[in-house]
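Q: Checked Swiss-Prot, it gives:
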BINDING   Gly10, Gly11, Gly12, Leu13, Ala14, Gly15  FAD binding site
Amino acid sequence: MIDRPIHVIGGGLAGTEAAWQIAQAGIPVILHEMRPIRSSPAHHSQFLAELVCSNSFGAMAVDRATGLLHEELRRLNSLVIAQADQHSVPAGGALAVDRGVFSRNLTEILANHPLVTLKRQEITEIPRDGIVVLTTGPLTSAALAADLQNFAGLDYLSFFDAASPIILGESIDRSIAFLASRYDKGEAAYLNCPMDREQYLHFWQELKQAEQAELKDFERENAKFFEACLPIEELASRGEDTMRFGPLKPVGLADPRYPDQRPYAVIQLRMEDKAGQLWNMVGFQTNLKWGEQTRVFRLIPGLEKAEFVRMGVMHKNTFINSPQLLSSSLQFKSRPTLLAAGQLIGTEGYTAAAAGGWLAGTNAARLALGLETVTLPTTTMMGSLFEFISSAEPKHFQPMPPNFGILPNFTRKIRNKRERYGQYADRSLQDLEAWMNQLKTPCLV
């Protein structure tokens, strides 16, 4: 019997899942949640796993990225997904829940578990010893964020998420977009989408008129962050040529189709993953509504059929530079007994938060039992997501949702997208079952 408890800090989806996995392994766990002693600007109740935005966990079909992640978690006995299934409400092809009942039941389950102690208190410092799981989310309290920054390093904690859209590489028209670096310096590292004057002016006008998302009050108060990383629509509003002398400058780039004529403007895309399946729109951090982003950005030559795996966002979001700090087991490299999960590590979405909680909780339990920590196969959605956030380029790291672009390709080309995604799902679930069967213990811990 292990007497020393594991501490889980933060009672959101990730923390709830982590605490459950630890307790189910027979290890005492203290789950710290500051509400209702201290609330955040986005929360409205004292319940664990409160859903502060939508009540939807995303698409259910396994040929959708979130649906595949749901199914992986079901097979791994996730408490969060089991409760989402139990308290689901009709939502077409999505897994949506009665949010009040969902959060209340999860709170009761954890509070009634004999090995779980629920402590309502604000934690202002990371415990310096023992096994600890950080799951404090995007609205981590100022005091704890300051301590985390001291631990991680000044440059490895972000407080505002200003991210450009990310596009699936196969949806980019390579007959228009060309690989090159400015002035041909170094390796051809960017995909470039050239515009003539007419195309640029049309794009500029549509961008100026596009509808923006509403900022929450606490985000509006932090608008000073925008000056350091201006939205592309703000640049457009400052004049016809502002973008052309900023991120859309054409200097040093020649369109191979018209080598003697410099483009009027160029949108650059930077590779987001080692396999070149994901591409980031350089300088296109934006606060446009998602539908408007799709409409306006598909006006760019070469991106007419672009598939966005992540939309641009600008909002308050505390997250660490995971590639610099974490391994794919979600342990801190500098302190393996400290783990983290949820939006704090740069994953996006409810289901990804639960997945991170599952892995961090499982590995925390394994550490307590003297077992080696585990990582999932990278052919699974869970495994590929945590491999991505722990191995992406640290300099440009931004949060990432589950998507098929981070999975390894098949050796043979499958042109039909739905068929390809279905085969990704089949491979993932087969590899997950094989991985589970290889573990020597009766359960994962």
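A Cβ is built for glycine as well, from the same backbone N, Cα and C atoms used for every other residue.
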Q: Neighbours of the FAD site Gly10, Gly11, Gly12, Leu13, Ala14, Gly15: Cβ within 8 Å of the Cβ centroid, same chain, sequence order.
A: Val8, Thr16, Glu17, Ala18, Glu33, Leu48, Ala49, Thr135, Thr136, Gly137, Ala341, Gly342, Ala353, Gly357
Q: Does anything in the same chain, at least 6 positions from Gly12 (FAD binding site), have a Cβ under 8 Å from its Cβ, and if so what?
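A: Looking at Cβ-Cβ distances below 8 Å from Gly12 (FAD binding site), excluding near sequence neighbours, one finds Leu48, Ala49, Glu50, Thr135, Thr136, Gly137, Gly342, Ala353.
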Q: Of Leu13, Ala14, the binding-site residues given in the record, which has the fewest other CB atoms within 10 A of its CB?
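A: Checked Leu13, Ala14; of these binding-site residues, fewest Cβ neighbours within 10 Å: Leu13.
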Q: Counting every protein chain present, what is the number of Cβ atoms, excluding its own, within 10 Å of the Cβ of Gly15 (FAD binding site)?
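A: Other Cβ atoms within 10 Å of Gly15 (FAD binding site): 30.
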Q: Enumerate same-chain residues with a sequence separation of six or more from Gly10 (FAD binding site) and a Cβ-Cβ distance below 8 A; give 'none' if the list is empty.
A: His32, Glu33, Leu134, Thr135, Thr136, Gly137, Thr140, Gly342, Leu344
Q: In sequence order, which same-chain residues at least six apart have a C-beta under 8 angstroms from Gly11 (FAD binding site)?
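A: Set apart from Gly11 (FAD binding site) by at least 6 residues yet with Cβ under 8 Å, we have Ala19, Leu31, His32, Glu33, Arg35, Leu48, Ala49, Leu118, Thr135.
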